[in-house]
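Asker: Attaching a single structure in structure tokens format; questions to follow.
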Amino acid sequence: MKRQNQSSVVEFILLGFSNFPELQEQLFGVFLVVYLGTLMGNAIIIVIISLEQSLHVPMYLFLQNLSVVDVSFSAVIMPEMLVVLSTEKTSISFVSCFAQMYFILFFGGTECFLLGAMAYDRFAAICHPLSYPMIMNKRVFMKLVMFSWVSGIMVATVQTTWVFSFPFCGPNEINHISCETPAVLELACADTFLFEIYAFTGTILIVMVPFVLILLSYIRILFAILKMPSATGRQKAFSTCASHLTSVTLFYGTANMTYIQPKSGYSPEAKKVMSLAYSLLTPLLNPLIYSLRNSEMKRALMKLWRKKVDSHAF
């Protein structure tokens, strides 16, 4: 292990899935496909919403921001994981680990608040359709988006700076797929009790509060749906709500289990699976759940495709 003045760790070793050497190649193939699918699905959403003027409304602009977050979230974790799986080089420098943790917290925190803002947008649109244009005007939309991104920056800055203020002088093997806070914190050569209290409180505020507000919003939405006279309309709305809640529960549930107790009784393998759920699976599924099943998105995609075909024809 490299040391600085014989006391400070200057690099970490990411163990990843080294306990399963026979699965390294298969895991590399699966994660590469997932990563490419995530990039493609979210890139399509970003481009379609950017180019199609009719989609420049809060619902789809929130989706565009979510896709930017998902692409960025995956890009922070996946390339390094693919390197670990494909080569013998599993080390990550102290500075790179700091940066990875910062951006994981930044994009993860931003996604928490964006999902909450999106639920509020749907609540306003379904439960108060007549006053929706006033409730979700351009100023309110911009405030919600800015609040989500700035909150992510604040969470990442405070937590990452605090974690890396601890001395790291002992083992440097991170038994995880990335430099996530709980895994790195286990290597600190200091009493981290105060930080764990902060992390618990922060998780309640950042993860659980938006999650509870989302659930309350969807409960109100479901009551509004039940009052709809059209059976077809109710079925479509129920399907949309169920899909959204599935994505939200997957992201919030696994993130909550990972961060609410940094030294919980979960095995390292279980923590890795939970991390994969919100860092890989959710960004992959969000384009399918939120957008590509949407009829307006499909029409916009076909419209842009026809324009491209026509331009090539001439």
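Note that Cβ sites are derived from N, Cα and C of the backbone, with glycine treated the same way.
Pulled from TrEMBL, these are the listed features:
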DOMAIN    41-290  domain 'G-protein coupled receptors family 1 profile'
TRANSMEM  27-49  transmembrane segment
TRANSMEM  61-79  transmembrane segment
TRANSMEM  99-120  transmembrane segment
TRANSMEM  140-158  transmembrane segment
TRANSMEM  197-225  transmembrane segment
TRANSMEM  237-255  transmembrane segment
TRANSMEM  275-292  transmembrane segment
Asker: Find the average pLDDT over the domain 'G-protein coupled receptors family 1 profile' (41-290) in the predicted model and report it.
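Answerer: Across the residues of the domain 'G-protein coupled receptors family 1 profile' (41-290) the model's pLDDT averages 84 on the 0 to 100 scale.
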Asker: Under a criterion of three or more Cβ pairs within a distance under 8 Å and sequence separation of at least 6, are the transmembrane segment (140-158) and the transmembrane segment (27-49) in contact?
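Answerer: Judged by the Cβ rule, the two regions do not touch, with the required three close pairs absent.
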Asker: Taking residues 6+ outside the transmembrane segment (275-292), which of them lie with a CB under 8 Å of any CB in it?
Answerer: 31, 34-35, 37-38, 41-42, 44-45, 60, 63, 66-67, 70-71, 73-74, 77-78, 104, 108, 176-178, 180, 243-244, 246-247, 250-251, 254-255, 258, 298
